[in-house]
Structures are given as structure tokens and as C-alpha cells.
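Peer 1: If you scroll down you'll find the structure; I have some questions about it.
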Amino acid sequence: MNPRRKSRLKVVVSIIFGVAVAAGLMLYALSQNIDLFYTPSEIVNGKNDDPDQKPEVGQRIRVGGMVVEGSVKRDDKTLKVEFEANDIGPSITVEYEGILPDLFREGQGIVAQGVLIEPTRLKATEVLAKHDENYMPPELGDKLKEQHGAAGISEADLKGTSARDKAEIERTLKTLQGEAN
């Protein structure tokens, strides 16, 4: 090979190497900014109940669920808040330091973004509350419908208006009336 071809080959190899390094760095940077969405059940049990598809400790994720009634603990001296979030399954603990949204309440839907610091504990950097009683983030709504359907839970069950719920209310009322007499 003559010297001219060698220099051209070096330039071409250098350009290809540079493009490969740049592409690798871009993919690495993008992977650091991807926040995968999970429900609390998926964090504990894995996606589709597959333990191999659980998020890893240290991974950035987004979690959508409902704030468990009676689980909110506030630090009196700081803005630290800790609460449980669940869907229809197990709960996870969410730690957050900052001002919570005005619409944050127990029993309401939230989406928390942060880092998983233990298998069932999230250190949140952002907490979003749902906007009104009918709003639910689309990704959370889809996941909950999927899980509810698999568990045999209907929309009427969730609203407390199913035939089973009405029968349970009637039984409870009869029991209470019997105790009152």
C-alpha cells in the first residue's frame, strides 16, 4: 500500500471510530435519563409477575399509585414527607423532601419520580397529584385497568356500585339495625 492510501485509511478509520464513540456516549446519556413507569405491585412482584423484571435498586423510575389512608408521616422540622403508595396489591414507601402539590391527599392518585433506594422504597425527586376526582395519568389508568381486569375487579367494584357491594351494604345495614334493637 502506498503512503497516500495509508493516510486515507487512517482518516476513514478515525472518522468511523469517532462516530462509534459519539453514538455510544449518546446512548449512554439517553439511558441515564429514561424513567421507566411502574406500579407498586410491579415493583414488588415484577412486571407481569416476573421477578426478573423488577426494577433494580439505584434505578430511576416513575411510580403511579394511590396514597394509602393513614400512611402520611410529616417531619415537623423539615419538609420531609413519607407515605405509602399502592394499587390493588402491595405498597411501597415513598420519601420526599419538598412542598407537596396542593391536591396531594390520602386516598388520591399520585405519580412519584425518583430513585429506588431499597426494593420497596423510593426516594422521590418529584411528586405529582391528580388534578381532580376524575383525572388519572393515562399510564396509571391503563396499568390499573389491566390489573383490575386480571383480578376480576370491575369499574363498578371500584366505585362501590356493583351488585356485590350493594348486597354487602344491605347486610351491614341489617346487622346494624339488628344490633340497635
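Using N, Cα and C of the backbone, Cβ positions are placed for all residues, glycine too.
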Peer 1: For the feature region 'Disordered' as recorded in Swiss-Prot, pick the matching range from 39-70, 135-166.
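Peer 2: It is 135-166 that Swiss-Prot describes as region 'Disordered'.
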Peer 1: Please work out the helix, strand and coil residue numbers for the topological domain 'Cytoplasmic' (1-8) from the DSSP assignment.
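Peer 2: Its residues fall into 6 helix, 0 strand, 2 coil.
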